[in-house]
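When I checked TrEMBL for this same protein, it listed these features:
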type	residues	note
BINDING	8-36, 71-72, N76, T102, K252	NAD(+) binding site
DOMAIN	10-168	domain '6-phosphogluconate dehydrogenase NADP-binding'
DOMAIN	171-297	domain '3-hydroxyisobutyrate dehydrogenase-like NAD-binding'
ACT_SITE	K177	active site
Amino acid sequence: MRAMASKTPVGFIGLGNMGNPMAKNLVKHGYPVIAYDVFPEACKEFQDLGAQVTDSPADVAERADRIITMLPSSPNAIEVYTGANGILKKVKKGSLLIDSSTIDPAVSKELAKAVEKMGAVFMDAPVSGGVGAARAGNLTFMVGGVEQEFDAAKELLTCMGSNVVYCGEVGTGQAAKICNNMLLAISMIGTAEAMNLGIRLGLDPKLLAKILNMSSGRCWSSDTYNPVPGVMEGVPSANNYQGGFGTTLMAKDLGLAQISATNTKTPVPLGSQAHQIYRMMCAKGYALKDFSAVFQFLREEENL
């Protein structure tokens, strides 16, 4: 079935740090990709791989009836779907539109309504796992939308991820993602604080990380993505916090969590504190560094 489906082109809009390896994995699985990115240079690599490159999201929609979008924020998603040259200008009836951006669940619901009016199907499918998992095809997709369309979406998403989970109606994928990222931000700050304290108490950071990771404090931030330079190889902290998941994006996701918490009257005191810390980092030159740079930020902020 996949071999037959692979003859049908798949549109991919948004070829940034995450979208680039995701689209490459579709190519590896035999899907002809029709690509667009607001920055033309991002598309050149895909031209070399044999993908078609278009001039607008509308052009992608004209040539493909299955489209994946991977965009930085809610305003970007709104523009790509409903803008003057957006997908909805030329979308075909029956098209499947999968948005893997992390955006406000309320925006996902509004986009779904607009897409439905055009006779097409919209699903939100944000991801977890970061750039490394995107390259390896090991992402986790959290999918919201009409359940009858889940299998059609899963066929594509399994080319890019090892876990594809149906969450419920449109917006529930986003809900799961922002809850996950709020916890991730809190645990990363906690790991950075604990490592910093241990180092100042005279512990070797590698030894401390080893102890944490065999003890009750173990978490993903400590055992897979440790924020302390020199503790682990192949993570942003080993490369001056370059690559990975940017601080500005984490601040954005925490902002989405705050909006949702306000709307649902949910107390999230640690989430609120994490949001403030990441916003401060953005204001002090860390915006483009990986979010694990909170370790470096805490060490430099003696008066925090």
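We number each residue from 1, going along the chain as drawn.
Here the Cβ of each residue, glycine as well, is placed from N, Cα and C on the backbone.
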Would you mind reading off the Cα separation of K28 (NAD(+) binding site) from the residue listed as 'active site', to the nearest angstrom?
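Between the Cα atoms of K28 (NAD(+) binding site) and the residue listed as 'active site', the distance comes to 26 Å.
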List nothing but the one residue from I13, M18, V33 whose Cβ has the fewest other Cβ atoms within 10 Å; the candidates are the binding-site residues.
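Relative to the other binding-site residues in I13, M18, V33, V33 has the fewest Cβ atoms within 10 Å.
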Cα-Cα, whole number of Å: I13 (NAD(+) binding site) versus K177 (active site)?
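Distance between the two Cα atoms comes out at 20 Å.
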Cβ-Cβ under 8 Å from P72 (NAD(+) binding site), same chain, 6 or more residues apart: which ones?
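Correct list: G14, G16, S101, L249, K252.
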Look at each of the recorded positions, K28, K177, and point out the one with the fewest other Cβ atoms around it within 10 Å.
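Selected from the recorded positions K28, K177 on minimum Cβ neighbours within 10 Å: K28.
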Rounded to a whole number, how many Å is the Cα of A23 (NAD(+) binding site) away from the Cα of the residue listed as 'active site'?
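Cα to Cα, A23 (NAD(+) binding site) and the residue listed as 'active site' are separated by 21 Å.
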Roughly how many Å separate the Cα of the residue listed as 'active site' from that of V33 (NAD(+) binding site), to the nearest whole number?
26
